[in-house]
Amino acid sequence: MKSSAAKQTVLCLNRYAVVALPLAIASFAAFGASPASTLWAPTDTKAFVTPAQVEARSAAPLLELAAGETAHIVVSLKLRDEAQLKQLAQAVNQPGNAQFGKFLKRRQFLSQFAPTEAQVQAVVAHLRKNGFVNIHVVPNRLLISADGSAGAVKAAFNTPLVRYQLNGKAGYANTAPAQVPQDLGEIVGSVLGLQNVTRAHPMLKVGERSAAKTLAAGTAKGHNPTEFPTIYDASSAPTAANTTVGIITIGGVSQTLQDLQQFTSANGLASVNTQTIQTGSSNGDYSDDQQGQGEWDLDSQSIVGSAGGAVQQLLFYMADQSASGNTGLTQAFNQAVSDNVAKVINVSLGWCEADANADGTLQAEDRIFATAAAQGQTFSVSSGDEGVYECNNRGYPDGSTYSVSWPASSPNVIAVGGTTLYTTSAGAYSNETVWNEGLDSNGKLWATGGGYSVYESKPSWQSVVSGTPGRRLLPDISFDAAQGTGALIYNYGQLQQIGGTSLASPIFVGLWARLQSANSNSLGFPAASFYSAISSTPSLVHDVKSGNNGYGGYGYNAGTGWDYPTGWGSLDIAKLSAYIRSNGFGH
C-alpha cells in the first residue's frame, strides 16, 4: 500500500463547529415526552444535536417546534435477516464461490428478506395512531413515508424537534434518540427526516474552458466526454447499447434532457432513450434545481460519452427536493434498487459520514446498497471533493481531523476518487496524479476524497490491502476529476469545463456499462473481483504514484499500489476486458 499522511489521523467525532444554541437548558424533560408507561426500544437514529455538542454562539433561545408544525418522515424498516442478505451479496459477487453470479431476484427478496406485510402494517398502525397521514409503503417494503407534525413525532418516537443553527443555517433537529415501542423494536431501523439542515451536495467544480498546458507529465486540458474511451483504452470495447444505466438526481431534469440532446447532436450521436422517475411523494418538488443543473449535465453527458455514445436506456431517478433532510435521496436509491432495471447507477453526491450515521441514514441506505449488490447492481459514488475534510471543510481545513463522505464509505458501493489527467499531443493517456487544487479564496480545499470509515467495517475483499485495521477504506478506483482537465459539458446550452469527483464517477459508469454490454450484463457488483484481479495483475490499472489529498503537510500521499487518495488508480479497459474474457470474471 502507498504511504499515508505524514501526521497522525484523528477521527472526526465532534461534528459541529457552529451550532447556535445557548447552554442554559434545564433538561430535555422540559420538552415533554410520551407517557412513562410506554416501554421504548432504540432505533438507528441518534440525537442529532445534544447539549454536549452545543457551542453557545448566540443568544437565540432553544425552542421546540410547536406541536402543530408539519413534519415529513420516512421510516426505514429492518431486513428480516440482514446478516444473511449481506452474506449472499458477498457470495454472488465473489469469484470462486458456488453462488457466484446467482443474483437475488425481486420476488426472492420479498419472500426471504423484506419486512413482512404484518410487520409493515404494525408500523403503519403506530403512525396512524399518533396522527400521521398520507402513509405510503414502497413496493419492496423497506420504507414507509408519512406526513405529520412535531407533536406526532414526539408521540410516536419519543423525541422533540427543536430549532437550531448549523454553519449559519437555521433548521430543526431531534435532541434525543428516536425510539419506538418495544413491539416494533425488531422492525424499525431508522426514523429519517428528523433534521433538515445537513444535506448531500454535488461533487463538482465548474469553471470556464481553460487553455491547454503542456507540462512534463503531459498536456493538461479540457476534454470532450467522447475522448475518455480513447484515453482509458476502451475504444475496442462495444458501446453500452445493451445496458441500462441509472442516475440519481435531486429535483427535475428537463434542462438536462435539452442539454443532453445538444451534446449528442453536436457529436453526431444518436438521441438517448431516457426516462424520468419521481421517487418520492406525488406532491413533491420535481422542478429543475438550478444549483444542481451542472451536476446532472455532467453525469449524463459523461456517461454517454464514456459509454461510446450509446446506452440501452438512461433512467433519471429524481429525488423530491422538498423532502426533509436526505429522505428524498434515500427514496431515490431505494426506487432504483426496487425496480432492479439499471445495471449500474451513478451517484455524484455525498455528505459528512458522521451526520449520516447520526440521523440513521447510513444504516438505512446500507441496507438498500447491500440489496443492490445481492441483485448484481453496482452503485458508483463520488468519493468527495473535500480531500480528507468532508465534515469540516468550511473555511480553512482542520489539520489532522480527517473524515470521509457518505455514501462513498459504504462497502456496498464502488467509491470513485479523482485524478489530474495528462494526455499526449495525440490525445492518448500519458499520466495521472492525485487531484488537489489547494485552497480557494474562501479557504475551502478542492481535492479528491479518501480515507477510512469510522462506522463501516472493512469488507473481506479489502484484505489484500493494508491501511487502518478493520475499517472500510476508500476510494476503490479513480478517474479524471481536475477542473483544469475536466469535461466540456453543455450547461444551459453553453459549454463549461467541469471537474470534481462528480466527473470521475460517471466516467467509470459509462466504461463499466460497456463491459456489461460486452458480457451480456452478467457482471455483478465488481469490488471483490477488482481487488482480487488488480492485486495480482497490476497492469489492469494506471497506478497513480504522486500527489496528496490534504493541505499543509496533512492528508494522505500516493505511491505504488492501492492508496487513500486514488485507490488502485484508473482502469485500463482493454486490459480489464481481456482479463475478464480469460479468467471468467463475472461469469
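From the backbone N, Cα and C atoms, a Cβ is placed for every residue, glycine too.
Quick look at what Swiss-Prot lists:
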type	residues	note
ACT_SITE	GLU295	active site, charge relay system
ACT_SITE	ASP299	active site, charge relay system
ACT_SITE	SER502	active site, charge relay system
BINDING	ASP543, VAL544, GLY559, GLY561, ASP563	Ca(2+) binding site
DISULFID	CYS352-CYS391	disulfide bond
DOMAIN	219-583	domain 'Peptidase S53'
REGION	276-295	region 'Disordered'
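Features as recorded by Swiss-Prot, highlighted on the structure.
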residue: GLU295; record: active site, charge relay system; DSSP (3 states): helix
residue: CYS352; record: disulfide bond; DSSP (3 states): strand
residue: CYS391; record: disulfide bond; DSSP (3 states): coil
residue: SER502; record: active site, charge relay system; DSSP (3 states): helix
residue: ASP543; record: Ca(2+) binding site; DSSP (3 states): coil
residue: GLY559; record: Ca(2+) binding site; DSSP (3 states): coil
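Over all protein chains present, the Cβ of CYS352 (disulfide bond) has 24 other Cβ atoms lying within 10 Å. Calculated from their C-alpha atoms, the gap between ASP299 (active site, charge relay system) and SER502 (active site, charge relay system) amounts to 7 Å. Every protein chain shown contributes to the tally, and the Cβ of CYS391 (disulfide bond) ends up with 27 other Cβ atoms within 10 Å. SER502 (active site, charge relay system) has its Cα within 10 Å of the Cα of none of the recorded positions CYS352, CYS391, ASP543, GLY559, GLY561, ASP563. All chains included, 17 other C-beta atoms sit within 10 angstroms of the C-beta of GLY559 (Ca(2+) binding site). Take the binding-site residues ASP543, ASP563: by the count of other Cβ atoms within 10 Å of each Cβ, the lowest one is ASP543. Ranking the active-site residues GLU295, ASP299 by other CB atoms within 10 A of the CB puts GLU295 at the bottom. The Cβ of VAL544 (Ca(2+) binding site) has THR419, GLU432, THR433, VAL434, SER478, ALA558, ASP563, PRO565, THR566, GLY569, SER570 as same-chain neighbours under 8 Å, each 6 or more residues away in sequence. Taking each Cβ in turn and tallying the other Cβ atoms within 10 Å, the top scorer among the recorded positions SER502, GLY561 is SER502.
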